[in-house]
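Noted in TrEMBL for the protein shown:
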type: TRANSMEM; residues: 20-36; note: transmembrane segment
type: TRANSMEM; residues: 43-67; note: transmembrane segment
type: TRANSMEM; residues: 126-144; note: transmembrane segment
type: TRANSMEM; residues: 231-258; note: transmembrane segment
type: TRANSMEM; residues: 270-295; note: transmembrane segment
type: TRANSMEM; residues: 335-355; note: transmembrane segment
type: TRANSMEM; residues: 367-389; note: transmembrane segment
type: TRANSMEM; residues: 462-492; note: transmembrane segment
type: TRANSMEM; residues: 544-563; note: transmembrane segment
Amino acid sequence: MEMETISTFAKKLWCVKKQLILVLTPLILLPLIFGLPEKEGKCLYVVLLMAVFWCTEALPLAVTAMLPVCLFPTMGIIPSKKVCPQYFLDTNFLFLSGLVMASAIEEWGLHRRIALKVLKIVGVKPAWLILGMMITSAFLSMWLSNTATTAMMLPIANAILESLFGDLATLKENCKVKEETEGQSQVKLHSLPSEKQILSIDGTDGMVRSNGRTAQEIRTESEYQMKVWKGFLICIPYAASIGGTATLTGTAPNLILIGQLKSYFPECDLINFGSWFAFAFPLMVLFLILAWLWISFLYGGLNSRLCVKKQDERAQAEKKAEAVIDEDYRKLGPINFAEGSIAFFFILFAVLLFTRDPKFVTGWSTFFNKGYVSDATTGVIIVSILFFFPSQKPSLSWWFDSRASNTPYVPLLSWKKAQECVPWNIILLLGGGFAMAKGCEESGLAAWIGAYLQPIAQVPPAVAVMFITAFLACFTEFASNTATIIIFLPVIAELAMFVKVNPLYFMIPATTGCSFAFMLPVSTPPNSIAFASGHLLVKDMVKTGFVMNILGILSVSLAMNTWGRAMFSLETYPDWARPVNMSSTVTDIQFPSDSPFNLTSLP
């Protein structure tokens, strides 16, 4: 009876866990205010409070992001007039522009046309098809949200898989078939709908046959097909997460990096849309290839069929899958005026962002006052056009044809559609990140924490990069990647200044590592969507994601110490990293000549 009471009480506690977190966390953290230096203690209290709320989602993420507006001014950390502007910096407008462009692409189905075209090109052999899925998902997630990309690609993948392998329920049943050692097996099998075959039972020899195949062969083939099915499902969210790292607008942590760089280092102008793409795109391609090889190896896609044509049952299934892709693409019909227009503005959007100030050549921003035009300006110009550009081809004859229908004028995008598609909570989340960073900077909290990180000065920088990437990749498995980078980036920036290493050398890997959440269904919304299909197990994601994290860490480390080092002059400590308000604790530190953080020791 006592155990039953305890169990009931525990269940009730679990039901109100969020309310308990909301009440108890502020009380548990109270000693920080009284036990630490005044401003630093208060700021750390707010930061940890928000970190707990973000990680547990006790409050909606966007609501937690607004806490600095009330807590920073009332606790005397920074005034409201300094907090509120952080919620709509030009970085937020760049992100908003990307989201609006994405909603227009989704509105007219251009993303589906791109996906099916890529799949037609790569072919339908499992490994090539997985590669096609990953390329398409990665490309789309560079511009669309990772969640929207995954939600769009999974139905396409399922349609192809059903044409390749038939009904999933039957496939699972065939995987359970076991031959009896006694020799008198009575197993009832159902055929795959795609094969349209009737399996007969031969009771005399205990073997189930279909076109001469034994039960063991059927089970082996079904297990192979199930592995490939899992590979298809798991590659899409992973590729979407990888692809989002290639552009500034691809994922929120990239924009957090830009916002915090502008806050901490106003004179740093090395990172913009073009320079980030030049660094991150090769990294994305490298990681995508490694991920494809690993997923294909793990889930049965890498075999002799990759390059050799065989006329067998698999070849027949592949022809059916190819027919499904061709049919779906044919149903889209020829590209219409609206799709062509969106494609044009999408390309123009990308080209203008790349060429504004690419660093290695003179950009078009030189035609305007220096420092006046930003990526946000470019983005808003292009997306504003979408709200009045016609979705139907204009015709002069319409004006003079009295019989022509007087249909309402329809632009490429309506504000109602933009409102529905744009995740405004992410805009607030970005703003909350910038406000938190401002509080950490103004209160001196980041410098105070950085002063306690002196032991890291004994770690070689290249090793520190791998530690930082690995730590954030692990942390973001349990928390939002945006919340993770918001919490840790100010500390990492202060750490870099403390040990006199180019801040970008630590901040870029940290930002990229926050997108490497592959091990758990709860790590990212794309993982959750794929897991919700019911065909993946947690152990599948852990087994695949663990190696994916290692590959990601190694890829980032390679990028930072090769082309990243050359692009951003990472071997030197730059002048822009010595802000006027830097703590004397940081500026006065001198390292011995044999310190691994001596400027000449960077790898």
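Note: Cβ is positioned from N, Cα and C throughout, glycine not excepted.
Between the transmembrane segment (231-258) and the transmembrane segment (43-67), the number of CB pairs under 8 angstroms, six or more residues apart, is fewer than three, so the stretches are not in contact. Of the two recorded stretches, the transmembrane segment (270-295) does not lie close to the transmembrane segment (43-67), with fewer than three CB pairs under 8 Å once pairs fewer than 6 apart in sequence are set aside. Remote same-chain partners of the transmembrane segment (126-144), defined as residues 6 or more beyond its termini with a Cβ less than 8 Å from a stretch Cβ, comprise 98, 101-102, 105-106, 111, 114-115, 118-119, 150, 152-153, 157, 160, 164, 228, 231-232, 235-244, 246-247, 249-251, 284, 288, 291-292, 295-296, 299-303, 305-306, 321, 346. For the transmembrane segment (544-563), same-chain residues at least 6 beyond its ends with a Cβ under 8 Å from one of its own Cβ atoms are 234, 238, 242, 279, 282-283, 286-287, 290-291, 294-295, 298, 462, 465-466, 469-470, 473-474, 505, 508-509, 512-513, 516, 518-520, 523, 570, 603.
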